[in-house]
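In TrEMBL this protein carries:
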- 19-301: domain 'ABC transmembrane type-1' (DOMAIN)
- 54-72: transmembrane segment (TRANSMEM)
- 158-176: transmembrane segment (TRANSMEM)
- 245-266: transmembrane segment (TRANSMEM)
- 278-300: transmembrane segment (TRANSMEM)
- 335-569: domain 'ABC transporter' (DOMAIN)
- 594-714: domain 'Cyclic nucleotide-binding' (DOMAIN)
Amino acid sequence: MNGLGIMLRYLKPRKGLLLLYVLCVLVEVSYASASPLSLKYLVDKAFLPKDWEAFWIIVGIVLIGGVLNIFAGMAGDYSTARLGGEAIRQYRTDLFQHIQRQSMPFYQKYRVGDLTTRFSADMSAVERMISGIYPFLFRESINVIISLVLLFSLEWRLTLAVLAGALLMIAAPKLVQRRAETANVHYKEAQERFSNTIDEMAKGHKTIINLHQQRRFHERAEEQIRGLFSLGLAMRMANSLMERLPASALLVLNGTMIVFGGYLIFHDRMTIGDFTAFLTLFISVGAAATNLTQLIPVAIDANVSFRRIGELLAEKPSVEEASAPLELPKAAGSVLMKDVTFGYTLESRQLRGVNLSIEAGSYVAFVGTSGSGKSTALQLLARFYDPAIGTVSVGGIDLRRVSEASLRRHASMVAQDTFLFNATIRDNLLLDNENASDERMAEAAKLAQIHSAVEGWPEGYDTMVHQEGASLSGGERQRLAIARALLRDPKLLLLDEATSALDPSSESEINGVIESLRGDRTIVSVTHRLGSAANADRIFVFDKGEIVESGSHSELLKLGGAYRGLWEKQQGFRVSPDGLHATVDAERLAKLAFFEGIDPELLSGIADLFATYPCQAGEAVVKQGEEGHQFYIIARGKFEVLKREPGQEEKRIAVLQDGDYFGEIALLKNIPRTATVKSIEPSILLSIRREAFQRMTREHPQVSASLEAALLDRM
Ligand SMILES: Nc1ncnc2c1ncn2[C@@H]1O[C@H](COP(=O)(O)OP(=O)(O)OP(=O)(O)O)[C@@H](O)[C@H]1O
């Protein structure tokens with residue numbers, strides 16, 4: 001449907017106002033077209049015969065028509081403003097609601113800048129079209145039609161000749177229309193790209209400063225601004241061509257009319273009064289037609305915008321409400337995943353044939369290496385996505401058949417990244433739960449260990465959260481998210497690394513609170529820190545999208561498989577409750593391939609050389625290309641390894657977690673780092689400097705030799 005069709009659909013319920021508008025336009029246009037006709041009568045019936053009576057009658061009619069015209073104009077303006085305003089209000093609301101209904105893939109396809117550009121620049125173009133151009137177009141078209149009828153009545157041969165020429169006015173712009181449309185689309189896409197850069201720059205300003213990426217962003221912005229300039233130039237040139245062609249065609253028309261009109265007068269086939277009226281009417285039609293053609297670029301702009309908004313409106317949510325949705329039972333139900341296969345894209349598979357059963361009221365953990373599919377499985381339990389194959393059910397009901405409202409009442413998720421609204425702490429905690437008492441709010445905040453901190457702030461629970469929560473620490477944000485979830489009192493509590501940003505003592509206390517909530521509710525916790533999973537009733541171990549083991553902590557340790565391997569990797573570290581000091585023991589070091597076979601006493605000495613290095617989320621510990629002096633082991637935390645190939649964007653190539661290590665080559669020699677390692681969450685590293693390591697191992701050349709052999713082996 002084109003823009004006009006869409007708007008007429010919106011205006012359909014406002015028939016009365018629409019009728020008033022049409023009537024007003026008819027009055028205005030009839031007056032505008034008929035006034036030149038008065039010239040014919042003035043000249044032929046009043047001036048030439050010098051008839052005073054006829055003169056005053058004609059002047060009287062023109063005056064009464066003028067007053068009527070003024071009132072019709074005012075009523076027309078009111079109805080246009082009202083109709084246009086209401087249509088755009090409804091269009092905006094519909095777009096907003098439609099976007100809100102979309103599922104996760106939509107928000108991966110369209111970035112923030114894409115959406116804001118459509119709500120701002122595109123909506124403004126549509127608004128201009130609805131409130132200004134459509135009414136104008138309608139009025140001028142009626143004007144042209146009525147004037148043509150009058151012109152025909154004055155002199156049909158001359159009108160036919162003029163009409164033949166007018167085809168030029170319509171045909172000429174058609175030649176460049178496609179070019180103008182394409183230029184318009186390209187310009188809008190460039191606007192979108194630039195909006196995305198601004199969005200990224202504002203959100204990532206800390207990381208940009210930290211990684212010293214200002215220059216790269218500056219260069220990107222400069223290139224995009226240059227693009228905006230050249231695409232804008234192409235667009236404006238195409239638009240002005242669209243305007244100029246009809247105006248040039250009008251010149252040809254004027255000439256035709258004067259020459260042919262003169263011919264008719266010379267041969268007594270037309271009176272001078274007729275010609276004067278014809279000329280005046282023609283000039284006004286010509287002006288109307290020129291006005292219409294000048295609107296073509298604006299109309300093209302708006303049509304492109306209509307199309308781009310239509311593209312969003314055509315998106316279907318991938319997770320849809322059932323036609324007769326069911327309510328979930330009030331009590332906690334069992335959770336089942338049956339033969340679940342899922343991919344974020346049609347070609348990929350992040351989960352393959354996953355089967356799991358979680359008893360009602362139990363506390364289970366999903367563990368596994370990074371990227372193994374734990375969070376994906378959790379998102380399917382929250383029905384952020386539907387499986388491609390298989391079913392996910394709660395309380396025996398397939399989630400596809402459950403009403404969204406019932407599921408959101410029943411289940412609550414605390415995600416890895418906590419988003420807080422730019423509102424007060426109280427508003428963030430209560431959200432739609434406005435009837436919850438202050439006592440209940442404080443109780444939830446106490447359980448999440450954030451109450452005393454909030455009470456200590458000058459404005460307490462009325463403190464404003466800024467920058468979507470960036471004004472708070474990661475730990476504070478996570479505590480608030482946990483309190484918010486607890487306040488909703490869900491029967492299915494889904495936690496995705498919900499305590500990862502907390503210090504060890506807070507983490508274990510909050511985990512204790514969460515564990516104690518089982519029985520009344522089912523709890524599923526995704527964690528890479530196995531110490532947090534040890535008390536779970538059941539642990540599911542994920543690997544490459546499949547569940548490879550499941551059982552209790554002790555059963556899995558006995559099994560001696562993947563879980564045991566992960567567990568052992570995380571053992572041997574001691575972290576102080578405040579997370580500021582950590583140590584590693586010699587037995588743990590002995591498990592690193594390049595320390596294999598080294599004398600335990602020497603290893604113990606090496607273990608003592610490690611220093612604690614706590615780092616914030618987003619901190620780049622090593623940077624690609626810089627010289628390396630230190631080797632790091634992750635006592636606690638999560639890091640991403642980023643690599644940039646010449647001329648390409650930086651890419652994440654791995655994720656490292658508790659017990660992983662990096663930078664070991666620095667123990668041997670000074671070579672530039674081959675990748676950047678950046679913390680994803682607040683983390684604790686243990687690091688040792690090459691000089692200290694080499695001093696310690698100077699008398700044991702076999703250490704360096706075995707280290708070199710092991711590292712060469714891995715390169
Ligand atoms: N929205 C997404 N679109 C495309 N691929 C995704 C998306 N989210 C995750 N993935 C990919 O799916 C795989 C599984 O990711 P998932 O987050 O479930 O792993 P995980 O085991 O929870 O790991 P982590 O602890 O690092 O989050 C990974 O390869 C990841 O890159």
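Just so you know, glycine gets a Cβ as well, placed from its N, Cα and C.
Since the structure is predicted, the reported quantities are computational estimates derived from the model, not experimental observations.
Residues 32-33, 36-37, 39, 125, 128-129, 133, 136-137, 140-141, 143-144, 147-148, 150-151, 154-155, 158, 162, 166, 169, 173, 177, 180-181, 184, 239-240, 242-243, 245-247, 250, 253-254, 257, 261, 270 of the same chain sit 6 or more residues outside the transmembrane segment (278-300) yet have a Cβ under 8 Å from a Cβ within it. Secondary structure by DSSP for the domain 'Cyclic nucleotide-binding' (594-714): 38 helix, 43 strand, 40 coil. Mean pLDDT for the domain 'Cyclic nucleotide-binding' (594-714) in the predicted structure: 83.
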